[in-house]
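As recorded in Swiss-Prot:
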- 1-20: topological domain 'Cytoplasmic' (TOPO_DOM)
- 21-43: transmembrane segment (TRANSMEM)
- 44-179: topological domain 'Lumenal, thylakoid' (TOPO_DOM)
- 61-162: domain 'Rieske' (DOMAIN)
- CYS108, HIS110, CYS126, HIS129: [2Fe-2S] cluster binding site (BINDING)
- CYS113-CYS128: disulfide bond (DISULFID)
Amino acid sequence: MAQFTESMDVPDMGRRQFMNLLAFGTVTGVALGALYPLVKYFIPPSGGAVGGGTTAKDKLGNNVKVSKFLESHNAGDRVLVQGLKGDPTYIVVESKEAIRDYGINAVCTHLGCVVPWNAAENKFKCPCHGSQYDETGKVIRGPAPLSLALCHATVQDDNIVLTPWTETDFRTGEKPWWV
């Protein structure tokens, strides 16, 4: 029978501890690396505005400058920007000098399609299932069960800042469903 020599077959404790720590560190690093994007997904992005608001962004991701915005749009225009939580939001041009004090979330309340503005008919029409909303985003024809969500739109330092709308919905006189 072969003779067993302890010194050749069993590594010393220092080496064993080192290998255990190396394995633990590798597994921990991989686990943290995999969890980081998941945790980051649940943390809302910062819009750079004060008071919980988000600065409106154009399709390229740049801040919308009100002075240039009003020069290039006419009264009554509804223009898509990136708004609260990254949702597409319409900014309503009131005149060549001002925007309305609210923005309209462009996500249909039926199945989540982006609802385009139809200037010829003066209403929003969902391309997915035909829901229609008036110029303020109030539902006028289903299957959408609710009006489009609102947000406050204010001008600060030539930027459009969007903040959550928590007051009574002026279109329905009811508490907002999106709060």
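Note that Cβ sites are derived from N, Cα and C of the backbone, with glycine treated the same way.
Keep in mind that this is a model prediction, so the values were computed, not measured.
The structure, with features from Swiss-Prot marked on it.
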residue : record                        : Cβ contacts under 8 Å, 6 or more apart
CYS108  : [2Fe-2S] cluster binding site : VAL114, VAL115, CYS126, CYS128, SER131, ALA144, LEU148
HIS110  : [2Fe-2S] cluster binding site : CYS126, CYS128, HIS129, SER131, GLY142, PRO143, ALA144, PRO145
CYS113  : disulfide bond                : VAL107, CYS126, PRO127, CYS128, HIS129
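For the [2Fe-2S] cluster site, the Cβ centre of CYS108, HIS110, CYS126, HIS129 serves as reference, and the other residues of the chain with Cβ at most 8 Å from it are THR109, LEU111, CYS113, VAL115, CYS128, GLY130, SER131, PRO143, ALA144. Across the domain 'Rieske' (61-162), the prediction's mean pLDDT works out to 88. Scoring each of the recorded positions (CYS126, CYS128, HIS129) by how many neighbouring Cβ atoms lie within 10 Å, the top position goes to CYS126.
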